[in-house]
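Trainee: The structure that follows is given in the form of structure tokens.
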Amino acid sequence: MASSRFQLVALLVVFSLVISITANSVEKDVMDGPCRLRGTCNNDGDCDKHCHRSTDAAAMDGHCLFDKPTGPVCCCLFD
């Protein structure tokens, strides 16, 4: 009986760690004028995965901006 309780507690701890790691790894949106900055890119095609999320209310068009001090970043604009 004690062994099954230990297994249950260990399982709950593992699930809470997975949930907290997943929640922290979500990409954050930064607004810069009309752009929603998401992810890095080398060309406009790289922005498709960053600008077309299933959680977005509407599809966005993505363009790669090379002039940012942090490096090239995707500018996502609502269509």
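Including glycine, each Cβ sits where the backbone N, Cα and C put it.
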Trainee: Going by the disulfide annotation in Swiss-Prot, which one of C35, C41 is bonded to C64?
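Mentor: Partner cysteine, according to Swiss-Prot: C41.
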Trainee: What is the nearest of the disulfide-bonded residues C35, C41, C64, C74, C76 to C51 (disulfide bond), using the Cα of each?
Mentor: C76
Trainee: Please report the Cα separation of C75 (disulfide bond) and C41 (disulfide bond) in Å, rounded to an integer.
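Mentor: Approximately 10 Å lies between the Cα of C75 (disulfide bond) and that of C41 (disulfide bond).
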Trainee: Given the disulfide-bonded residues C41, C47, C64, which lie close to C76 (disulfide bond), meaning Cα to Cα within 10 A?
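Mentor: Within 10 Å of C76 (disulfide bond): C47, C64.
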Trainee: Check the DSSP secondary structure of C51 (disulfide bond), expressed as helix, strand or coil.
Mentor: helix
